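Undergrad: I'd like to ask some things about the structure below.
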Amino acid sequence: MRWRTILPQHCVLMVTCLVTVLEAVPIDIDKTKVQNTQPVESAKIEPPDTGLYYDEYLKQVIDVLETDNHFREKLQKADIEELKSGRLSKELDLVSHHVRTKLDELKRQEVGRLRMLIKAKLDSLQDVGMDHQALLRQFDHLNHMNPDKFESKDLDMLIKAATADLENYDKTRHEEFKKYEMMKEHERREYLKTLDEEKRKEEESKFEEMKKKHENHPKVNHPGSKDQLKEVWEEADGLDPNDFDPKTFFKLHDVNNDGFLDEQELEALFTKELEKVYDPKNEEDDMIEMEEERLRMREHVMNETLDQQQFFTEDELKEYEKIISLQENELKKKADELQKQKEELQRQHDQLEAQKQEYHQVVQQMEQKKLQQGTPPSGPNGELKFEPHI
């Protein structure tokens, strides 16, 4: 089971509503058409990386807790308010001794990992005399006051930290994608500035042609609609559209058999729709945009809203370009300063070389004068030099 599945419990409500809204009458399904509707217990999907700095610890704690049947049942039935309020954490007192021992071990490992990270950071900064206990307080996903025991407070802190952090996960992904799109458009416009009028018109024409080509695709069904799900049933599952049954559909796509359609399983349902619009072989289709659309589709089904706005506005692009311009100007200033320093060092070097050359010329002239006057030549320290007698 995925932790991100348990946190947004409205996903569960969505699946319940899906069965109700479609109002399908249970029908007899040809068992020969449906393969593996009951996945074996050992079949597991690797959980996606949450992006949290305590991701591994989070997954390990959940895996251990799920080995306790009582807690697993409570976890699956808990709503978002129970998770946030900490009521679920009190169930930790009822888990088996073996589970508690394993959780204690995981916490000690996590505290040790955090201490190693802190030490490495301090060593890199050549800072000594810092209180590790004080530094551990900045990590709010565990109780640092008791580093050896995993208590209900630890579970409560872990749930609250993960809930808060994961609520910002999609927002961060959207912001990163917006920056990607603005940078792509900025680079396109900057490239156009380097072209003459004729080539610029050619590029603009090609760009508009690619946009039209990208928009020319088969009809895309509304995410989560009956038509969209029936299409998955028919084309991806290979079943008769006239036999469509929501309950069977749910069982087919609940791959890990945990009773939920989690975010990864939900996003997989949109693959067929996205393939209508995006093809990695086509120059006009951006696969990064496809993943953003997949995320927006999933959010729509979960939140029942679909934002049809463009990825970024012209004002946002202008603001972004201002930031880029400031950064470029700052880099140019630093480059100019470094160039001036280089030129000054070169000038000083040339000056020293010229002085060295003059010094050698003076020494040679003095040696020649001494030879002409019959005075034995001298070395650099004034010692006499004698020619060997032949």
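Every residue, even glycine, has its Cβ placed from backbone N, Cα and C.
Small disclaimer: the values here were computed from a predicted structure and weren't measured.
Quick paste from TrEMBL:
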- 1-24: signal peptide (SIGNAL)
- 195-212: compositional bias 'Basic and acidic residues' (COMPBIAS)
- 195-225: region 'Disordered' (REGION)
- 241-276: domain 'EF-hand' (DOMAIN)
- 335-359: compositional bias 'Basic and acidic residues' (COMPBIAS)
- 335-390: region 'Disordered' (REGION)
- 362-376: compositional bias 'Polar residues' (COMPBIAS)
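Provide an account of the burial state, proximal residues and distances for the features listed.
TA: With a cut-off of 8 Å between Cβ atoms, the residues of this chain six or more beyond the compositional bias 'Basic and acidic residues' (195-212) that come close are 188, 283-284.
Per-class residue totals from DSSP over the domain 'EF-hand' (241-276), listed helix then strand then coil: 23 helix, 0 strand, 13 coil.
Shown for the compositional bias 'Polar residues' (362-376): DSSP residue counts in helix, strand and coil, namely 11 helix, 0 strand, 4 coil.
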Undergrad: Kindly state the mean pLDDT of the domain 'EF-hand' (241-276) in the predicted structure.
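TA: Reported value for the domain 'EF-hand' (241-276) is a mean pLDDT of 80.
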